[in-house]
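Chemist: One structure, as structure tokens, below. Some questions next.
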Amino acid sequence: MVIPNKSLPDSQSDQDNPRINLLAPLNPHHSSAITTADTMDQQPHPPRSYWRFSKQDFYPEPSFQNLSAYKSAFSQTLHRLRDRCLGRSTDETELIELKKQSENEMRKCLTWVDLIWLGFGSVVGSGIFTITGLEARDDAGPSIVLSYALSGLSALFSVFCYTEFAVEIPIAGGSFSFLRVELGDFIAFIAAGNILLEAVAGAAGLARSFSSYFASMFSSNPDILRIRIDSFAEGFNLLDPIAVIILFIANMVAMRGTKLTSSSNMILSMISSLIIVFIIIVGFTHAKSSNLTPFFPYGPEGVFRAAAVVYWSYTGFDMVANMAEETRKPATDIPLGLVGSMSMISVVYCLMALALTMMVNYTEIDRDAAYSVAFEKIGMKWAKYIVSICALKGMLTSMLIGSMGQARYTTQIARAHMIPPWFALVHPKTGTPVYATLLVTTISCIVAFFSSLDVLSSVLSFSTLFIFMLMAVALLVRRYYVKETCSSRDLMKFMVCLFVVIGSSIGITVLWAANRKGWVGYAMGGGLWVAGTGGMMVVGERRVPKVWGVPLVPWLPSMSILMNVFLIGSLGGIAFKRFFICSGVMLVYYFFVGVHATYDLAHQDSQESMVEKGKEDATKDGL
């Protein structure tokens, strides 16, 4: 369906009129705007082809019309940076105005059943099969089941935050749009950069994992299908053509249509769920309660260490939140789909972990292939192939859904002009953002071809947790700060409470990372966290959710902030280094390009004089 828009007459096209309507579609339908005088001798403009590559499609903003205009814009960079740091979007802008950039509507074809299976397919990948044995053997023992329960609870807190936003702002941008509305344009750009980084690293990492697991089915060497180049740096010297091929196939399926991808995922996930049920039943059939003793061989610390690692088995649900624009009934389907799928997955993970530790003593669990070796010990060697098939399926569906979600992220980022709006175009036949999908696919394939898993995982982990933490902060801002009704005094009180919550979370994390013993520091940190959260209750909420809301506010989002900061603190120093390097590159782009494009979008009316001046200067310079 074409998005309607009232555009200028032909005689006032973008090429002739200095005032460019950046909120209009890039492919306006002029027939609705032709003047009476023109109707006698002019025919309506035919729609432009979807496959087009002009400069105006990539950079329609006044600041990039010519060199003089860019110089004038660049001289105002500091002013524009300040404006974008303080500027916030609105629900209406994200839902209505920015969608015009895509020219065609995404098709509303998903129900809560689709969302549940999309959640299952996106989250249940290879993690449960590869991480469980390692953490049960080295960190938690039989108490690994509690580690999964704690991580599942933390993930559920984040799901609640995503759900409230997705119900009220059902748009393709997911967390990017939510952060843009509540925390402002600059924070949203930092999030957007990390979202794209997460998309590329996540897709490439899944593809490399698929290649390794596939090779291990018929060889003890997981790198047998890769090409070693000794002259390349370590971590980038194993070229992986299989990863590129499987990633390309998954993205091509996603590009063909949302419903096709959802149906394919549902069929594959149903097969996978049957295999998981088989694993659980066999595990409990051969269970020995004596294997649960001792239950805490590494103490409570081991439970938390393992929880920080197994948390990655729960990531992927944010991709499902990106499908809100294509959901038929967001108010009911999104809560059922997101909360329902995460609750189901948490129960499944806990049962699988318990079945493993009851079937085999934790000291005998194989670190690399826990379930396959466990089946061999009970005389079911053939079952390892079932486990491998289930793991491969999980990675394939994660790539399928990830490619859909990543493309929707990219589409909304392009709608906001943080990257060229050409990537926001939705194909009229498939109803999918083809250009955005191709962008993510191309970059992911290049990264997957060269980069090893350890390089990708540290970047992915930091970006994911950083976004989850910002989402919890944004939810608190949404509930406790409404510009029209909140006084400056109440705003100051809320900001103090929020900074106390974040600061105490960082303090507790630092104490834990430094391996500090004793309860005094933790008691002080915990006390400040409680005081900050309780202070928000004294300030009072300024907004009531329209349809569905997160329960136990502010406690639940504050706990989500604490857990995500704590998990970030569990990452190694290399993850911080790579995160800050990537963020620095993003800021360079924002300084020279992004800030000017988004400023033009937010201040269209004030750009007319600047463009006119730029054209006059260009004429004088002979440009």
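One is the number of the first residue shown, and numbering goes on along the chain from there.
Keep in mind that glycine also has a Cβ here, set from the backbone N, Cα and C atoms.
According to TrEMBL, the domain 'Cationic amino acid transporter C-terminal' annotation covers 548-597. What TrEMBL lists as region 'Disordered' is 1-26. Taken from TrEMBL, the feature transmembrane segment applies to 144-165, 235-254, 266-284, 304-324, 336-362, 382-402, 434-453, 459-482, 494-513, 519-540, 552-572, 578-599 (among others).
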Chemist: Can you tell me which parts of the same chain pack against the transmembrane segment (578-599), counting only residues 6+ beyond its ends and a CB-CB cutoff under 8 A?
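Modeler: Residues 59, 61, 63-64, 70, 73-74, 77, 80-81, 83-84, 185-186, 189-190, 193-194, 197, 416-419, 458-459, 462-463, 466.
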Chemist: For the domain 'Cationic amino acid transporter C-terminal' (548-597), report the average pLDDT of the model, please.
Modeler: 87
Chemist: So, do the transmembrane segment (144-165) and the transmembrane segment (266-284) meet, by the test of 3 or more Cβ pairs under 8 Å (sequence gap 6 or more)?
Modeler: no
Chemist: Looking only at the recorded stretches 235-254, 304-324, 494-513, which one has the largest tally of CB-CB distances under 8 Å to the transmembrane segment (552-572)?
Modeler: 494-513
Chemist: Answer yes if the transmembrane segment (235-254) and the transmembrane segment (434-453) have at least three CB pairs under 8 Å among residue pairs 6 or more apart in sequence, and no otherwise.
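Modeler: Contact between the transmembrane segment (434-453) and the transmembrane segment (235-254): present, because at least 3 Cβ pairs are under 8 Å.
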Chemist: Does the transmembrane segment (336-362) reach the transmembrane segment (434-453), going by 3 or more CB pairs under 8 Å (6 or more apart in sequence)?
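Modeler: Contact between the transmembrane segment (336-362) and the transmembrane segment (434-453): absent.
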Chemist: Counting Cβ pairs closer than 8 Å, which of 304-324, 434-453, 519-540 has the most of them with the transmembrane segment (494-513)?
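Modeler: Stretch with maximum Cβ contacts: 519-540.
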Chemist: On the DSSP side of things, how many residues of the domain 'Cationic amino acid transporter C-terminal' (548-597) fall into helix, strand and coil, could you say?
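Modeler: Counting residues per DSSP class in the domain 'Cationic amino acid transporter C-terminal' (548-597), I get 40 helix, 0 strand, 10 coil.
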